[in-house]
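These come from Swiss-Prot:
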TRANSMEM  20-42  transmembrane segment
TRANSMEM  140-160  transmembrane segment
TRANSMEM  164-184  transmembrane segment
TRANSMEM  194-214  transmembrane segment
TRANSMEM  246-266  transmembrane segment
TRANSMEM  272-292  transmembrane segment
Amino acid sequence: MQIYPLRLLPNKIDFDFMNFKKVSYTFSIILSLISVISIGIYKFNFGIDFVGGIVIEVRLDQTPDLPKMRQILGELGIGEVVLQNFGSERDLSIRLGSSSEANLMENIELIKASLHNNFPYKFEYRKVDFVGPQVGRQLIEAGTMAMLFSFLAIMVYIWVRFEWYFGLGILIALMHDLILALGFMSMTKLDCNLSTIAAVLTIIGYSVNDSVVIYDRIRENLRKYYKKNITEIINLSINETLSRTILTVITTLLANLALILFGGEAIRSFSVLVFFGIIAGTYSSIFISAPILTMFANKKFNNKKFNNKR
């Protein structure tokens, strides 16, 4: 039985991506500036992982009246109390930020007493977590180091596999994706916690993977069509990998959409940020990391070097 590969686009497509190079650069610069301004104005909504505080997970015997609960707990005078559903409508997450260890137990008991005195529900407390401010700072440092090491490892890999200018193209695309993702986080007020660090690392990996696929095809076509100029080769390479790129992004977005719809509040920030990052990474691999190679076109590509490179 013969198996036919799934194709979303015709085998031969000749869309002139390079013709939109200046437009895409301008668009990306504008988006990056908006993201930087948003970060400066709105900051980040740091979660308890980073700023410290209390998390209480509780299951109720019926659907709670969240607006009334927020009002009652907000009147306790212990700071901003955040209530969210996760999993089901009867599962509740209660978060109180910036609590010190000195009044930790007092605040927990105060919240429990207020719930029992004001609501006729049966409460099943499933988890009570506390993260101190010192631990939060350590987690921020660890998350930052994880991102820096991932950048470094990616640059070394690209430099070994391709050439330094390919690595520079991917670095610029990654910085673009990172700035847009951080700006999106600040504008949408997504929780900035350990799961969002994982989301950023996922976005970096996805963006690099997309760019490497196109770069690999560019290197192959440089060997095959050494008489063509670099602009024609980049256009050809993007078009040849376009069906694969679109199919990959659709299947990945659908899988991630399931996490957004059914994963619950606990992984909402992760899922939404990855969804946005996949779109940004796909865009940057086509319209930034590949076209930016034309900046080095005047420094003639040494095709013999590519022929010998494995």
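Glycine is no exception: its Cβ is also placed from the backbone N, Cα and C atoms.
Relative to the transmembrane segment (194-214), the listed stretch 272-292 leads the set 20-42, 140-160, 164-184, 246-266, 272-292 in CB pairs under 8 A. Among the listed stretches 140-160, 164-184, 246-266, 272-292, the one sharing the most Cβ pairs under 8 Å with the transmembrane segment (20-42) is 164-184. Outside the transmembrane segment (272-292), and at least 6 residues removed from its termini, the chain residues within Cβ reach (under 8 Å) are 17-18, 20-21, 24-25, 28, 168-170, 172-174, 176-177, 180-181, 184-185, 188, 190, 196, 199-200, 202-203, 206-207, 210-211, 213-215, 218, 234, 237-238, 242, 245, 249, 252-253, 256-257, 259-260.
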